[in-house]
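Enquirer: For reference, the structure I am asking about is given below.
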Amino acid sequence: MPVINNQVVLKHLVSMELLTNEEVLGLISRGSEFKAKNVPIANNSHYFTSNLFFENSTRTHKSFEMAERHMGLQVVEFNTDTSSVNKGETLYDTILTMSALGVDICVVRHPEVDYYQSLIKSPSITASIVNGGDGSGQHPSQCLLDLMTIYEEFGHFEGLKIMIAGDLVHSRVAKSNMQILKRLGAEIYFSGPDEWYSKEFEAYGEYRKIDDIIDQLDVLMLLRVQHERHNGSAGFSKEEYHKNFGLTEERYEKLKDTAIIMHPAPVNRNAEIADSLVEAKKARIVAQMENGVYVRMAILEAILNGRSA
């Protein structure tokens with residue numbers, strides 16, 4: 001859906017691929033306005049939202065909840081441990097139920113890639129779907145907060161050298177970011193173990209060893225090692241990973257003074273990044289968490305715009 005009167009209008013948010021550049025820039029701009037506290041909040045108390053997380057989450061779940069409460073929405077609690085999911089209820093039937101009860105927005109995280117396809121195509125489900133992460137597929141709200149953090153720092157994307165490093169093949173963060181960052185004009189590089197890289201990345205950027213290019217980077221985006229998706233197949237120890245692929249203190253010193261470090265968290269300290277660097281001067285990991293609330297407020301507003309259009 002379009003941008004109308006400088007307001008993004010969305011029915012759902014499920015994939016970065018479905019957003020135009022104008023919508024992306026509109027959402028991160030709106031997030032910045034919310035952060036600056038100069039945007040009046042409409043009375044949204046007649047709207048209901050629910051967060052349905054079928055995978056573990058701290059940042060995404062709780063920042064959506066914070067955003068929902070900042071936006072004045074009524075939050076309907078949902079706990080997978082006490083729901084009919086444990087009786088065999090399907091995801092589709094769970095969302096169908098929430099929609100029938102009058103929930104306007106369902107924020108969903110689920111291990112199945114593209115789980116949302118049947119939900120957004122169903123004429124029986126009237127709730128808007130916000131994808132909080134679908135397996136190793138997409139993570140649009142994380143991508144938008146990453147973009148907001150980068151834009152805050154540099155004021156543009158064109159020409160920035162950005163390396164996405166780590167567990168690439170299992171990362172929905174990598175896949176969401178590489179698509180839109182390339183579209184916005186950034187130079188993308190990938191790094192990490194060969195076994196966690198695939199040819200699908202070649203269309204978006206070049207594979208390089210981290211030590212070959214670290215002194216040229218504007219942004220080093222580290223990825224979490226996703227142990228839960230490996231089935232015990234990693235062929236190296238935590239210490240070996242940190243030495244060969246992680247951000248060590250020695251590598252940190254090679255970064256440009258203006259470079260920034262990002263990580264979607266949770267962080268495996270002394271694996272992806274040295275413990276001493278998580279809150280270092282060039283790190284923006286805490287800023288990413290903070291920006292997550294504001295960009296998710298912008299997402300919710302855009303969905304509400306779509307529901308009232």
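Glycine is no exception: its Cβ is also placed from the backbone N, Cα and C atoms.
Quantities reported herein were computed from a predicted structural model and do not represent experimental measurements.
Take a look at what Swiss-Prot says about it:
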type	residues	note
BINDING	R59, T60, R109, H139, Q142, A265, P266	carbamoyl phosphate binding site
BINDING	K87, R172, R224	L-aspartate binding site
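Describe the structural surroundings of these features, if you would.
Expert: Around the Cβ of R59 (carbamoyl phosphate binding site), a 10 Å sphere holds 16 further Cβ atoms from the protein chains shown. Secondary structure at R59 (carbamoyl phosphate binding site), taken from DSSP and collapsed to helix, strand or coil, is helix.
Within the same chain, the residues at least 6 positions away from R172 (L-aspartate binding site) whose Cβ sits under 8 Å from its Cβ are G133, D134, G135, S136, G137, Q138, H139, Q142, listed in sequence order.
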Enquirer: Among the binding-site residues K87, R109, H139, R224, whose Cβ has the fewest other Cβ atoms within 10 Å?
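Expert: Sparsest of the binding-site residues K87, R109, H139, R224 by Cβ contacts within 10 Å: K87.
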Enquirer: Near T60 (carbamoyl phosphate binding site), which residues of its own chain have a C-beta under 8 A away, given they sit six or more steps off in sequence?
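Expert: The list for T60 (carbamoyl phosphate binding site) reads F53, R109, G132, G133, H139, S141, Q142, G292, given in order along the sequence.
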Enquirer: Quick one: pull the CA-CA distance for R224 (L-aspartate binding site) versus A265 (carbamoyl phosphate binding site), whole Å only.
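Expert: Their Cα atoms are separated by 7 Å.
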Enquirer: Cα of K87 (L-aspartate binding site) to Cα of A265 (carbamoyl phosphate binding site): how many Å, rounded?
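Expert: K87 (L-aspartate binding site) and A265 (carbamoyl phosphate binding site) have their Cα atoms 32 Å apart.
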Enquirer: Is Q142 (carbamoyl phosphate binding site) helix, strand or coil when read with DSSP?
Expert: helix
Enquirer: Name them in sequence order: residues not among R59, T60, R109, H139, Q142, A265, P266 whose Cβ is within 8 Å of the mean position of the Cβ atoms defining the carbamoyl phosphate site.
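Expert: Neighbours within 8 Å of the Cβ centroid, excluding R59, T60, R109, H139, Q142, A265, P266: S57, T58, G132, G133, V173, P264.
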